[in-house]
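A.B. asks: Here TrEMBL flags 101-282 as domain 'Malic enzyme N-terminal'. Annotated active site, proton donor per TrEMBL: Tyr124, in sequence order. Here TrEMBL flags Arg177, Asn432, Asn476 as (S)-malate binding site. The active site, proton acceptor annotation in TrEMBL covers Lys195. The annotation divalent metal cation binding site is assigned in TrEMBL to Glu267, Asp268, Asp291. According to TrEMBL, the feature domain 'Malic enzyme NAD-binding' maps to 292-545.
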Amino acid sequence: MDGGDYSVAGGVEDVYGEDAASMDQPVTPWTVSVASGYSLMRDPRHNKGLAFTEKERDAHYLRGLLPPVVLTQELQEKKLMHNLRQYQVPLQRYMALMDLQERNERLFYKLLVDNVEELLPVVYTPTVGEACQKYGSIFRRPQGLYISLKEKGKILEVLKNWPERSVQVIVVTDGERILGLGDLGCQGMGIPVGKLSLYTALGGVRPSACLPITIDVGTNNEKLLNDEFYIGLRQRRATGQEYAELLHEFMSAVKQNYGEKVLIQFEDFANHNAFELLARYSSSHLVFNDDIQGTASVVLAGLLAALRLLGGTLADHRFLFLGAGEAGTGIAELIALEMSKQTGNPIEENRKKIWLVDSRGLIVDSRKESLQHFKKPWAHEHEPVMELVDAVKAIKPTVLIGTSGVGKQFTKEVVEAMAALNEKPLIMALSNPTSQAECTAEEAYTWSEGRAIFASGSPFDPFEYDGKVFVPGQANNAYIFPGFGLGVIICGAIRVHDDMLLAASEALALQVTEEHYEKGLIYPPFSDIRKISANIAAKVAAKAYELGLASHLPQPKDLVKYAESCMYSPKYRTYR
């Protein structure tokens, strides 16, 4: 296959010929012959509901199993969106969408692709958080794979129970730190399921190539341990060697079963495990931690875009973080890396422009002995400062970033101090869900008298201040990980390198236009997300080829076009 041939979709064999066939070519939805179309209607991948044509109803034994009307997919979509909008409670919308995914996969993704801004908060943060909290009571049919301590020694067999052979992306959690909600144990499954639906809708990765996994090692959440409807192991979390051995068996089994090029995304692990797993497996597996690397990449993209509003280069600014966990230190490190790339200065020098505050105050040199290892690089020379507002006054940052997981920390005094120091203070309140945000969009704009450039992790509505409408940016990882994953898959990358994350950030920043800047936006609207993802995928793949980490050779001539040709389309196929 020469570099300009775009006939292979997704780069792996495709059992049904669904993705390799062009859109107008009919496909066969059966792999075995059946005497009734009843099971076809029960198969979410091939079911079209009332959109089966007259010809298909005859050919596939569906006569009489459906009412006589034949609808288009567009009309089905219109009806479902109308129904969804009737629900007042977001959790009911979530449940209705999950039912649709179980019933008619293509229609589910069509809805998501065409109504991304409206439905993203339902299938992802903030609603997915509530769904995880109540997962035991809303649980209907299991999705994904559950691997618990009971399966120790048998993980490879468990993976073989999954019906799909050619898996390209796995999102795995152990449920210990779900969003800002804490330990939800086995009920954390909502997160990998939600993330992977975005890999498909926003990044165009085929649904059959996605595998959500929850590793259940117990939970320390008393409420769940005493809940009669809890779906996981009723024991306290395994730690230490027992935990490490289970994870090691899992990582080895994944590689053995799916090969070298399956992307394993770690999701919502507790800090100590997250850093350790990433460090341990990044040299032997294709691994990515969205909380550390995805968040860092999306925030860096926002900062690069904001420079066009703030002026200066990245190295001209001073950064203050509230929160020094996975997200905070991950973002800080990527900012320092990008500064090195731009200026050629050593990374140690760049780190001095970045300060972090944790629960014990400003991270300074005199605290070095007691700090966790991932905080040590950020301990600079300064006297101790306990309160955030005093840290703002002492450090005089131009950018304030919240990754604390604790709401309402950017108080009026803090925002006013930022506004007194800067003509245009950049304030990013990144903690999820909305209830945990460090401040709201309204507070940031009001307390800074309309001068702040604001972005948050969960969505906020536009806000009018002094006759001007401000549209808050959403620093949502969903801008990065679907395109990043697609890029890794289409080039057959075998490892993730930091430069690939920088490439993703730069690609996203380039998608922000003058028109967006006029509204105060530092992120492009989600309505263009598939185009954005294709551009990110192309930049990530190009970097992997440059670094010698790509295995799909030769390199396609036009990577953006190639990425677009590999993206799953949720339009119905014609069945012969």
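Cβ from N, Cα, C; glycine included.
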A.B. asks: Cα within 10 Å of Arg177 ((S)-malate binding site): which of the recorded positions Tyr124, Lys195, Glu267, Asp268 qualify?
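C.D. replies: Neighbours among recorded positions, in sequence order: Glu267, Asp268.
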A.B. asks: Mind telling me which of the recorded positions Arg177, Lys195 has the densest Cβ neighbourhood, counting other Cβ atoms within 10 Å?
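C.D. replies: The residue with the densest Cβ neighbourhood is Lys195.
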A.B. asks: Check the Cα-Cα distances from the residue listed as 'active site, proton donor' to the recorded positions Lys195, Glu267, Asp268, Asn432, Asn476 and tell me which is shortest.
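C.D. replies: Closest candidate to the residue listed as 'active site, proton donor', judged by Cα separation, is Lys195.
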A.B. asks: Which chain neighbours of the divalent metal cation site, leaving out Glu267, Asp268, Asp291, have a Cβ atom within 8 Å of the mean position of the site's Cβ atoms?
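C.D. replies: Filtered neighbour residues, in order: Thr173, Arg177, Ile178, Ile191, Phe266, Phe269, Ala274, Asn289, Asp290.
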A.B. asks: Taking the residues the record says bind (S)-malate (Arg177, Asn432, Asn476), how far apart in Å are the two Cα atoms that sit farthest from each other?
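C.D. replies: Max Cα-Cα spread across the (S)-malate binders: 18 Å.
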A.B. asks: Using a Cβ-Cβ cut-off under 8 angstroms and a sequence gap of six or more, which residues of the chain neighbour Asn432 ((S)-malate binding site)?
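C.D. replies: When sequence neighbours closer than 6 are ignored, Asn432 ((S)-malate binding site) has Thr125, Pro126, Gly129, Leu179, Gly180, Gly457, Ser458 within Cβ distance under 8 Å.
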A.B. asks: Quiz question: given the binding-site residues Glu267, Asp268, Asp291, which has the greatest number of C-beta atoms lying within 10 angstroms of its own C-beta?
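C.D. replies: Counting Cβ neighbours within 10 Å, the top one is Glu267.
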A.B. asks: Considering every residue in the domain 'Malic enzyme NAD-binding' (292-545), what is the mean pLDDT value?
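C.D. replies: That region's mean pLDDT is 96.
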A.B. asks: Please give me the CB contact count at 10 A for Asn476 ((S)-malate binding site), counting all chains in the structure.
C.D. replies: 26
A.B. asks: Tell me, how many other CB atoms lie within 10 A of the CB of the residue listed as 'active site, proton donor', whichever protein chain they belong to?
C.D. replies: 26
A.B. asks: Can you tell me the CA-to-CA distance separating Asp268 (divalent metal cation binding site) and Asn476 ((S)-malate binding site), as a whole number of Å?
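C.D. replies: Given the Cα positions, Asp268 (divalent metal cation binding site) is 15 Å from Asn476 ((S)-malate binding site).
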A.B. asks: Report, in whole Å, the straight Cα-to-Cα distance of Asn476 ((S)-malate binding site) from Glu267 (divalent metal cation binding site).
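C.D. replies: So the alpha carbons of Glu267 (divalent metal cation binding site) and Asn476 ((S)-malate binding site) sit roughly 15 Å from each other.
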A.B. asks: Quick one: pull the CA-CA distance for Asn476 ((S)-malate binding site) versus Asp291 (divalent metal cation binding site), whole Å only.
C.D. replies: 11
A.B. asks: Distance between Lys195 (active site, proton acceptor) and Asp291 (divalent metal cation binding site) at the Cα atoms, whole Å?
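C.D. replies: If we compare the Cα positions of Lys195 (active site, proton acceptor) and Asp291 (divalent metal cation binding site), the gap is 12 Å.
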